[in-house]
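First the structure, in the form of structure tokens, and then the observations on it.
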Amino acid sequence: MPGTPAPAMPTTAGSAVTAPELLPLPGARPAPPDGAPVRGKPSAGLPARGKLFIKTHGCQMNEYDSAKMADVLAAAEGLDLTDNPEEADVVLVNTCSIREKAQEKVFSQLGRWRLLQESRLKAGGKPVIIGVGGCVASQEGAAIVKRAPYVDLVFGPQTLHRLPELIRERRASGQPQVDISFPEIEKFDRLPEPRAEGPSAFVSIMEGCSKYCSFCVVPYTRGEEVSRPFEDVLVEVAQLAAQGVREVNLLGQNVNAYRGPYGDGEVADLGLLIRAIAEIDGIGRIRFTTSHPLEFSDSLIEAYRDVPQLANYLHLPVQAGSDRILSAMKRGYTALEFKSKIRKLRAVRPDISISSDFIVGFPGETDADFDKTMKLIEDVGFDQSFSFIYSRRPGTPAADLEDDTPDAVKHARLERLQAHINAHSAKISAAMVGSVQSVLVERPSKKNPNELTGKTENMRSVNFPGHPRMIGQFVDVVITEALTNSLRGRVKNE
């Protein structure tokens, strides 16, 4: 089919890219849901010298970073992950600064760990190392130690690879260690090889954001956009595929701004990267998140046309449907331009499911502005959404804007928006009944051990009777019932 060819990669005769053909590169494995402790395994060949607990808040990038923290500390310090902070020698919180009162939530968590520390010392036990990472750490820096002097480590998203060194320096000097620098993409070169846990994995392909939306702190906490080298990403994906990973989710704060260097000064965009990943043996599904409409390019749309492994699903945050509000947000596009990109995409993928982000109650938003957002939602037919009431982020341009919309009005708007999208999502689920869906089987069902759970291309969870040998495979499932938050089905021809 037409489209830009991927650059040649090393292969054996008659085969696609495989892990043994490529040089090893550090990577990561997927991490657990927001707020849950990271689970993992001790590093091979190293005696466990302690326990590690990690609490993760926020986006998939944070989940990915938490998994990398676990990997690097397992490899360098022999720390074995635990679900119980009370038995840990090192406790880390990986923070998110996007939501309201993010800092207060961090200090609330730290207060609980301070009590743990005091209890342990009172009993004559070994002191626990307390660390704060992520975007709040990057934003607050040494101010965290000033407010909570019992904190031992403060590190940013770009310096998590230095955790073993920071821990050793803390123990040697007795002084808190703070490193929130932005050493570009260095962390990816300083981490252990990826370890798969399940058939799906996150792979970070870039860091930072250069868009500077007026409401967002990401450029200040994660830095400017920096892309990983093209071949480095392919190596990590190939290593994961060799361990049984069948689906990769490419991550970045602005993932479709990816510009990975390769060859002799050439640059690969996201569309080209997707084409190359699709050639790796074992990879049957590719996702990416999170995108910006400004850089949703024709090259990426062509990848949707040409690459069957690219999931029939897109998360593309629009934030609002009013051009006046979009301008105040400094998003760089109009509602019409957003809809034009969606029309182009649906010309090559007519049945694609599209989800989005919305901010309700942005300073100055009128009823007329909100009605335009609802009109956009109706026109596009979003399948799912992540929608929130605007919360002021100190240090951002929008923080200085007058916010005179009553809270009751904001909540009413949010409820109306969510109800509309949820109703449309329910219609899509109902229309799937009777269809055959390709489901990546993830694990046994939590509610029924005789059933399996997996996901469709459009991010629906499906529960169905099946044999454990199906876990990690793509299975054709006939959808038999649409429930509120999931689907039910049966394996085709069984």
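Cβ atoms are placed via backbone N, Cα and C, with glycine included.
What TrEMBL lists as [4Fe-4S] cluster 1 binding site is C59, C96, C135. When Cβ atoms from all protein chains are considered, those within 10 Å of C135 ([4Fe-4S] cluster 1 binding site) total 25, not counting its own.
For 9-26, the entry in TrEMBL reads compositional bias 'Low complexity'.
Here TrEMBL flags 450-461 as compositional bias 'Polar residues'. Remote same-chain residues near the compositional bias 'Polar residues' (450-461) are listed as 285, 311-313, 353, 355, 383-384, 428-429, 432, 437-444, 468, 470-471, 475, 477, 485-487 (criterion: CB distance under 8 Å, separation of at least six residues from the stretch ends).
Positions annotated as domain 'MTTase N-terminal' by TrEMBL: 50-172.
A mean pLDDT of 95 is what the model gives for the domain 'Radical SAM core' (195-427). The domain 'Radical SAM core' annotation in TrEMBL covers 195-427.
The domain 'TRAM' feature in TrEMBL is assigned to 430-493.
Shown in sequence order, H57, G58, M61, N62, T95, S97, I98, G134, T221 are the same-chain residues outside C59, C96, C135 whose Cβ sits within 8 Å of the Cβ centre of the [4Fe-4S] cluster 1 site. DSSP states for the domain 'MTTase N-terminal' (50-172), grouped as helix (H, G, I), strand (E, B) and coil, give 66 helix, 25 strand, 32 coil. DSSP states for the compositional bias 'Polar residues' (450-461), grouped as helix (H, G, I), strand (E, B) and coil, give 0 helix, 6 strand, 6 coil. According to DSSP, the domain 'TRAM' (430-493) comprises 6 helix, 33 strand, 25 coil.
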